[in-house]
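Participant: Here you go, one structure.
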């Protein structure tokens, strides 16, 4: 059984992979076709629940002018990832990252020193 | 009570300035990061307790001969809306400072924890949408981004290690294993709890340079602790190379380069430099006697102000 989080990701993957807005029925069919774990036999009502959650998170916008309602992704996956990465790298303007990274901020001089060390330490360079 | 107040104030000043400064400059913490972390926490807690205790005991002098009776008297006077005859403005001022300072520190801690928690949850839900779990490693996720990063998201029920595509392609399998072990150690040893406490201390006292120093020192110690866990999984050179590669973002390097032939002292300054140097030219761990001594000092630091407050 897939969790709601897995289904959200499956729905977003479908929406991100297409240009056109989709109805809940279209989405269910594509989820079935994708043959992903837990998405194979999902019901339309479940898809609708997932879609309204995603709409609440501002990932999905709904076109109510038509019947059935049509859904599309608000921004591309790459834009979301870039935003997330700004947060991780502490370059987001509005928030300081509360995340401990493997390597924190490194000054350009420090990075340069390390590059030289890595270059100089190959056996051939000795 | 006046004597207690003076002793507590002296202790508070010592713990606020010369002691953390000395510890931040000391060399031994890199040989026993866990022990040093305990000492940092003892200094911060005992320092805060002494500072607040000094104001409380001074302010309570007119109310009674010891803390308990004086507090009881204070409550009675508060209800009656009266003051003891020998209370002056200085005593009232000290009590107000104690209440405000305590409130400020606690409120700041609560706010920092709440903000961090909210940010982390939002971040985690984004990560869950944007990335797939690594095959065979359900708690590790890979984000599709070229910048090499690795970090962990501690959670109440489930913790996640996040790697970027850039990191996975930059490092070889062994190096990657080291990075994952490093992040796992952060999660297992609950480092975020210590970090959030020191972060809140710093944000509560932004004008106080020692709080900044303490946060930096604690951050480095936590990284060293995680490095020590990773060293059990991969060898020191592999881990050091992984650190250097990620830090330099892997630009312009010959393939397969390692730090094997580095000499101590060659390495860069700063946090990354100290971590690499520590891995490549390890110094013997601190002796058990020294460790026990530091732990005894830590306990004593906490006991002295507590006993001064309760007993006298």
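Cβ from N, Cα, C; glycine included.
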Participant: Please find, within the list B:69-91, B:92-114, the residue stretch that TrEMBL describes as transmembrane segment.
Facilitator: B:92-114
Participant: Pick from B:272-291, B:292-311: which stretch is listed in TrEMBL under transmembrane segment?
Facilitator: B:292-311
Participant: Identify the transmembrane segment range according to TrEMBL, selecting from B:36-61, B:140-165.
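Facilitator: Range annotated as transmembrane segment by TrEMBL: B:36-61.
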Participant: I'd like the per-state residue tally for the domain 'Peptidase M48' (B:127-204) from DSSP, helix first, then strand, then coil.
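Facilitator: Output for the domain 'Peptidase M48' (B:127-204) reads 40 helix, 19 strand, 19 coil.
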Participant: Hey, which bits of the same chain come close to the transmembrane segment (B:292-311), Cβ under 8 Å, at least six residues off its ends?
Facilitator: 4, 7-8, 11, 15, 32, 35-36, 38-39, 41-43, 45-46, 49-50, 53, 56-57, 67, 286
Participant: What residues elsewhere in the chain lie close to the transmembrane segment (B:92-114), defined as a C-beta under 8 angstroms and at least 6 residues from its ends?
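Facilitator: Residues 48, 51-52, 55-56, 58-60, 74, 83, 196-197, 199-201, 203-204.
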